[in-house]
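Q: According to TrEMBL:
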type: DOMAIN; residues: 27-327; note: domain 'Plant heme peroxidase family profile'
type: SITE; residues: ARG66; note: site 'Transition state stabilizer'
type: ACT_SITE; residues: HIS70; note: active site, proton acceptor
type: REGION; residues: 145-165; note: region 'Disordered'
type: COMPBIAS; residues: 145-159; note: compositional bias 'Basic and acidic residues'
Amino acid sequence: MRLGSLSSMLPLGFVLMTFISHCYGHDLRVGFYDGKCGGQDIEKLIYGIVKKKIAKDPDVVSDLTRLLFHDCFVRGCDGSILLKGNHTEQKAHINKHVAGMDDIDDIKKAVEKVCPGVVSCTDVLVMAARDAGFLAGGKRYDVETGRRDGRVSSSKEAEASLPPPTIPVNKAIQMFAKNGLNEREFVVLLGGHTVGTAHCNSFKNRLYNFNNTQKPDPTINSALLPLLCKTCPLHSQSENETFLDHNPTSHFKMDNDYYKQIVAHNGTLEIDQNLAINPLTRGIVEELANSPDQFLNEFGPAMVKMARIGVLTGDRGEIRKTCASVN
Ligand code: HEM
Ligand SMILES: *[C@@H]1O[C@H](CO)[C@@H](O)[C@H](O)[C@H]1NC(C)=O
Ligand SMILES: *[C@@H]1O[C@H](CO)[C@@H](O)[C@H](O)[C@H]1NC(C)=O
Ligand SMILES: *[C@@H]1O[C@H](CO)[C@@H](O)[C@H](O)[C@H]1NC(C)=O
Ligand SMILES: *[C@@H]1O[C@H](CO)[C@@H](O)[C@H](O)[C@H]1NC(C)=O
């Protein structure tokens with residue numbers, strides 16, 4: 001854990017937090033809950049809880065970042081991934097290792113105590129994911145709020161709407177475009193893989209018999225390959241993990257090292273490595289690898305745009321009392 005310098009960024013965060021109420025011309029807006037919770041500053045409350053959680057467990061950063069992506073790409077950002085049940089999104093194979101739902105439950109409980117029935121679970125997730133990225137060294141950005149929570153969650157829909165790690169770059173670009181995100185935003189958002197891990201299931205196909213060649217994926221850095229093979233032995237059902245960003249000093253840091261690693265052929269997932277190779281995205285990857293500020297400046301706005309996908313506003317949806325179940 002290298003979050004030591006973060007407390008020094010805290011005052012800046014709160015200064016920026018006061019610059020809210022900028023209107024975006026649709027139903028979501030920055031500071032939607034201002035004045036709706038008496039004197040309570042909900043964003044500050046959430047920030048404090050996320051900070052404590054990350055201090056205890058740095059995985060919270062990657063958990064919340066991925067959770068928002070997996071929520072937004074299935075039925076829009078509507079908290080549908082938070083719903084527990086027999087055939088809900090959580091049960092989808094592609095969501096097997098998705099985590100952080102309990103963290104959102106905890107935060108929502110604290111919010112309900114001071115401001116019952118007002119703040120949606122979906123907005124809690126959006127704010128918490130923003131705070132997590134900032135606390136991990138990212139740049140703070142304002143998020144829009146005003147989303148309401150959905151009542152439907154389907155594992156089948158999750159399987160159909162989320163990309164597998166083997167998705168070709170051009171197909172991934174199409175999938176993001178359908179969600180209103182352009183090619184550059186796709187590349188920037190994949191920078192979310194600068195934190196967190198992948199399990200053997202997600203990349204073992206590259207290690208021993210890639211594409212029926214009886215050989216490893218030739219694009220894997222020769223220094224990385226033996227480490228990945230050790231983590232995921234051929235004859236084992238191991239569900240071991242490896243980091244997505246292989247720079248040992250930045251496993252938990254929101255920075256541009258992910259791009260540096262994939263340029264060096266140290267991508268963990270097939271999509272990660274191909275992002276640096278495919279001519280459609282290679283140029284953007286190299287630009288981001290060479291400029292730490294560029295990535296940090298663009299990640300927030302791309303997350304804000306992702307968090308607009310298919311939102312429920314007005315009288316659609318509900319404000320869930322508990323995030324794991326509909327009212
Ligand atoms: C084509 C797009 C994407 C694909 C195919 C993809 C695929 C994956 C896969 C297979 C894993 C590893 C799961 C495991 O084995 O545990 C993963 C992890 C992760 N993904 Fe993505 N992803 C994509 C886009 C994104 C985006 C847009 C974000 C967020 C902005 C994101 C955030 C993360 C994070 C933070 C993790 C680490 C989770 C953890 O440590 O538990 N991904 N992704
Ligand atoms: C899931 O299915 C089981 C068995 O069919 C049932 O007992 C249980 O109540 C269901 N749970 C939910 C949350 O629907
Ligand atoms: C996989 O093999 C097929 C058939 O040999 C080939 O056309 C394709 O380009 C290969 N894919 C990759 C990613 O190497
Ligand atoms: C790529 O990964 C290997 C294995 O972890 C490491 O030795 C090497 O330094 C990494 N390359 C870069 C550019 O960090
Ligand atoms: C991965 O899991 C296997 C068991 O399936 C274990 O033998 C091995 O030591 C593990 N490797 C690492 C690097 O954790």
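Just so you know, glycine gets a Cβ as well, placed from its N, Cα and C.
Can you tell me where each of these features sits in this structure?
A: Packing around ARG66 (site 'Transition state stabilizer') is summarised by its Cβ count: 21 other Cβ atoms lie within 10 angstroms of its Cβ, all protein chains included. In the three-state DSSP classification, ARG66 (site 'Transition state stabilizer') falls within a helix.
DSSP states for the region 'Disordered' (145-165), grouped as helix (H, G, I), strand (E, B) and coil, give 7 helix, 3 strand, 11 coil.
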Q: Summarise the model confidence on the domain 'Plant heme peroxidase family profile' (27-327) as a single mean pLDDT, whole number.
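A: Across the domain 'Plant heme peroxidase family profile' (27-327), the average pLDDT comes out at 97.
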